[in-house]
Amino acid sequence: MTRYIFVTGGVVSSLGKGIASASLAAILEARGLKVTMLKLDPYINVDPGTMSPFQHGEVFVTHDGAETDLDLGHYERFIRTTMTQNNNFTTGRVYEHVLRKERRGDYLGATIQVIPHITDEIKRRIIKGAGDADVALVEIGGTVGDIESQPFLEAIRQLRFEVGARRAMLMHLTLVPYIATAGETKTKPTQHSVKELRSIGLQPDVLVCRSDHPIDVSSRRKIAQFTNVEERAVIALEDADTIYKIPGILHSQGLDDFVVERFGLQCEGADLSEWDKVVDAKLNPEHEVTIAMVGKYMELLDAYKSLIEAMSHAGITNRTKVNLRYIDSEDIENQGTGLLEGVDAILVPGGFGLRGVEGKITAVQFARENKVPYLGICLGMQVAVIEFARNVLGWKDANSTEFNRTSAHAVVGLITEWEDATGAVETRTESSDLGGTMRLGAQDCQLEAGSLVHDCYRKDVIVERHRHRYEVNNNLLPQLIEAGLKISGRSGDGALVEVVEAPDHPWFVACQFHPEFTSTPRDGHPLFSGFVKAALAQHQKNS
């Protein structure tokens, strides 16, 4: 039977519920337990797929093609369970399903209410998402006290009562602020946050107290006394210099022992040696490189969360400190390529819309002409093809139909024919709905033997995740190939371009898929590892 750990947050947002939850999951997994994780998002959007990166941050794509919260990226980086569409749902998704059932008449004329219909649907989805795991950690987004979170909190209150105390527990994250003028940490916000929880029928079993200063034993004892939580279940979680230390910090305070005893689970002790190696490699690099990351959402770096983490993982596998120089592509348009001088490699990530595209194209040209290692991802591949068409093939008007629908040389175009779930072909245009209408999820890619990308993966066929609706125009592909563009990766059926490489260049790879979604700190990712190796070679050349 599955045990449930419900995770809530109080006092303020952005306390790190996702990382704390994933770290506990990693310890339980290291004890031989089968673990999964769920994220429940209170916003009314059906999914984050159409939300602005500035508002939501990254949209993490699962293996089965769901557009989900970025916390699922943390989950997959910390545990080896692959997330699916069942591991993340929103208020919008819940209401959509309930209303669809109401329209069909499934409720037999009943008045549809938050309790029981919405809460029942939330509970159903939690149980489904947990599957056959030994332990499921269920993170509720937002902060206790938010109006939006109330149906989710009521649902977990009900589910906790239904399965019993031996199968469900509540872990609450709070802030214990340090007041510099008083020279002490303050426990009152935590006390009030727990009081808010208890007012809706939820008593925490574990408190994880976040702080930027050490929390002494007397403060933890005081928190335990005022919140009815066992003293050993009051966990101090001070800011760490790397998030990959968190499993070790939680384990050192006995959190996993408390959970295992509470659930009556029989399992081995935790072997965190893999995490010790990750932390050692992260904090003790032997080399250093600087890589320019040229994007358009630089005001909120969470928009590139998985990519930034993937570069960190590549640094770990290469024992290299990777310094990312974040450059807004519009700044290149306004200030020129001087911003790129002195870097060891250039990375151009994905994005949508016209703004900043010309700056990305200029960055590609700089990398290609100056033999600087280049990695393009999604839009980063499309602008690489556009740049090649303009400056090598001589098509000065070359573009994507996303940016210029009247270009005579549209080397990138919209996918117009799609197979729906039944296999029927439907036509989509620029005016079609944006939500859920992209090429999404894991798909096969055939690699060309002898190519740079094949040297990285050492495989003929790979599986990577996608999130896009524009592709390289096959009608103009013969001219691009004749001019020297190398097609080193194609879709499983050979119909679509997946990877391109530039001729006469030490390391220039651009891919249509998103490799960052499958990179992990323990295993890294072959493409990012190869990219950092190329940056190292460039650095040594420039030294």
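Yeah, the Cβs are placed from backbone N, Cα and C, and that goes for glycine too.
When other Cβ atoms within 10 Å of the Cβ of Cys378 (active site, nucleophile) are tallied across all protein chains shown, the result is 22. In the three-state DSSP classification, Cys378 (active site, nucleophile) falls within coil. Swiss-Prot lists Cys378 with the feature active site, nucleophile.
Under DSSP, His514 (active site) is assigned to coil, being neither helix nor strand in the three-state scheme. Feature annotation from Swiss-Prot assigns active site to His514 (among others).
Under the heading active site, Swiss-Prot lists Glu516 (among others). Neighbours of Glu516 (active site), defined as other CB atoms within 10 A of its CB across all chains, total 28.
The UTP binding site feature in Swiss-Prot is assigned to Ser13, Lys186, Thr187, Lys188, Pro189, Thr190, Gln191, Lys222. DSSP assigns Ser13 (UTP binding site) to coil, not to a helix or a strand.
Counting only residues at least six positions away in the same chain, no Cβ atom sits under 8 Å from the Cβ of Ile147 (CTP binding site). Swiss-Prot lists Ser13, Asp146, Ile147, Glu148, Lys186, Thr187, Lys188, Pro189, Thr190, Gln191, Lys222 with the feature CTP binding site, giving sequence analysis as the kind of evidence.
Swiss-Prot lists Ser14, Leu15, Gly16, Lys17, Gly18, Ile19, Asp71 with the feature ATP binding site. All protein chains included, Gly16 (ATP binding site) registers 19 other Cβ atoms within 10 Å of its own Cβ.
Per Swiss-Prot, the feature Mg(2+) binding site maps to Asp71, Glu139; the stated evidence is sequence analysis. Packing around Glu139 (Mg(2+) binding site) is summarised by its Cβ count: 27 other Cβ atoms lie within 10 angstroms of its Cβ, all protein chains included.
Taken from Swiss-Prot, the feature L-glutamine binding site covers Gly351, Leu379, Gly380, Met381, Gln382, Glu402, Arg469.
Taken from Swiss-Prot, the feature domain 'Glutamine amidotransferase type-1' covers 290-541.
The region 'Amidoligase domain' annotation in Swiss-Prot covers 1-265.
Of the chain residues outside the ATP site list Ser14, Leu15, Gly16, Lys17, Gly18, Ile19, Asp71, Gly9, Ala20, Ser21, His74, Glu139, Leu173 have their Cβ within 8 Å of the site's Cβ mean position. When secondary structure is read from DSSP and collapsed to three states, Glu139 (Mg(2+) binding site) falls in the strand class. Around the Cβ of Leu379 (L-glutamine binding site), the same chain contributes Val348, Pro349, Gly350, Gly351, Phe352, Val357, Lys360, His468, each under 8 angstroms and 6 or more positions distant in sequence.
Taken residue by residue with DSSP, Asp71 (ATP binding site) is part of a helix.
Every protein chain considered, the tally of other Cβ atoms within 10 Å of the Cβ of Gly18 (ATP binding site) stands at 24. Among the binding-site residues Gly16, Glu139, Lys222, the residue whose Cα lies closest in space to that of Gly380 (L-glutamine binding site) is Gly16.
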